[in-house]
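K.L.:
Handing you a structure now.
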């Protein structure tokens, strides 16, 4: 059989129409990502805008252009995919947040974070669910069961921890960042657990035993997920310490850290645990143990790699959500009842406001009762900021709504379409409006001078590190006396290795993430 080799390059170079559209959409998406980064850089000092809102607005604008170009047939390049979100985009964002979080402050406020993230989410879930059952159910929007309304409570109890990273500064408002972001991570995990429990439990026969089983299942899942993340982090530190990959190649060290982090997330999902909690605590443990046992060049590489992957995933995510928000098929079905759709969105927004206020202020009061020092207590102005910053809803809510009310990204049932479009409306409104106003609100309620005084008082109890006075990238913010040791080439302890000067590009997003490792 003869093979005409001369024709092979021609055939290999020819793309089918579907492949050509796929390549074209990827090119456009990458170009939009670059545009988001450039515009975000130009708006760096803007008191209103941030990169997440910029990407969201660019996504919406692109969706409008595509909608007009295709004459109303389509508005997005890709249909929103839960798999893409939960498996590829969320893990690097949550891991890097755990990797760069200031651990002393996080664990100092751990009980308050757990109070907000677990108990607060349950309170918000109950209020939103009761509001949905009591008000939306009577509006006759379509055929929805009791489980659907409870799912709505879980969907809108999930705050947007990704947007929190954009609107709050770990350096300017360390206490607020620690509380709101820490709560957001636990909150997302709790909301997903609630959502899955609603899907699995027989809601027609709810009794005391069912409630106890649910509570036991939640605590079991939380501690198991946390243990798995901590174990993955410690195991990676042990492997790197014992085998010392750095003597031959730093690439292996970097690869082990990245793969072990991702493995912990996927293993948690495989075991029906909370991948969010697992990868978050894996990041915390890795930054405390593993990072100190790799070579100097690997520390620089991993820090920049994690920060860069998280940064790109965040921009991709908001751009993705913005473009999919105008999916014409969902809006066509819901447009048959525009008044009801607007009413449902307004009711859900009101329930989100009430549900968050119902736990932030009471639980802050309870948390303050356990604080002896006045400087550690959450002031009323800080409580207002915590309430406001946690009102944003994001891709977790949209992903859960798609999971519950849509099949392969589309739906023809009026009730399901209204719930999806209402979710998108609330997410867009909350992210844009509350996101835009968060920074001005912080500047109004907590002036910079007050923030500096609060930060100084908060840090005064932490043992200072001599290296912190030399370079912004020296020291990991652990407050340990061991971190004042001079640079060593080979780590001699599983707990702490040597530290040294790390080069960085001043003012870049990566530098800010690296700076958070102080």
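Cβ from N, Cα, C; glycine included.
Relevant sequence annotations retrieved from TrEMBL are reproduced here:
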DOMAIN    31-442  domain 'Cation/H+ exchanger transmembrane'
TRANSMEM  20-43  transmembrane segment
TRANSMEM  55-72  transmembrane segment
TRANSMEM  84-101  transmembrane segment
TRANSMEM  113-137  transmembrane segment
TRANSMEM  218-240  transmembrane segment
TRANSMEM  274-291  transmembrane segment
TRANSMEM  303-322  transmembrane segment
TRANSMEM  342-363  transmembrane segment
TRANSMEM  384-405  transmembrane segment
TRANSMEM  417-437  transmembrane segment
K.L.:
Could you tell me whether the transmembrane segment (384-405) and the transmembrane segment (274-291) have 3+ CB pairs under 8 A, leaving out pairs under 6 positions apart?
P.N.:
no
K.L.:
Would you mind listing the long-range same-chain contacts of the transmembrane segment (303-322), meaning Cβ under 8 Å and 6+ residues beyond its ends?
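P.N.:
Sequence-distant neighbours of the transmembrane segment (303-322): 29, 32-33, 36-37, 40, 51-53, 55-60, 62-63, 78, 80, 84-85, 88-90, 92-93, 95-97, 99-100, 162-163, 165-166, 254, 258, 291, 394-395, 398, 427-428, 431, 502, 509-510, 513-514, 517.
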K.L.:
Tally Cβ pairs under 8 Å between the transmembrane segment (84-101) and each listed stretch (20-43, 55-72, 384-405, 417-437), then give the stretch with the top tally.
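P.N.:
Comparing 20-43, 55-72, 384-405, 417-437: 384-405 has the most Cβ pairs near the transmembrane segment (84-101).
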K.L.:
At a Cβ cut-off of 8 Å, and with pairs 6 or more apart in sequence only, do we get at least 3 pairs between the transmembrane segment (55-72) and the transmembrane segment (218-240), yes or no?
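P.N.:
Between the transmembrane segment (55-72) and the transmembrane segment (218-240), contact is absent.
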K.L.:
What stretch of 218-240, 342-363, 417-437 shows the most Cβ pairs under 8 Å to the transmembrane segment (113-137)?
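P.N.:
Selected stretch: 342-363, with the most Cβ pairs under 8 Å.
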K.L.:
In terms of Cβ proximity under 8 Å, which residues at least six beyond the ends of the transmembrane segment (417-437) contact it?
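P.N.:
For the transmembrane segment (417-437), the far contacts come to 48-50, 52-53, 56-57, 60, 141-142, 144, 148, 152, 155-156, 160, 163, 166-167, 318, 321-322, 325, 330-331, 333-334, 337, 340-341, 344-345, 348-349, 352, 388-389, 391-394, 397-398, 401-402, 404-406, 411.
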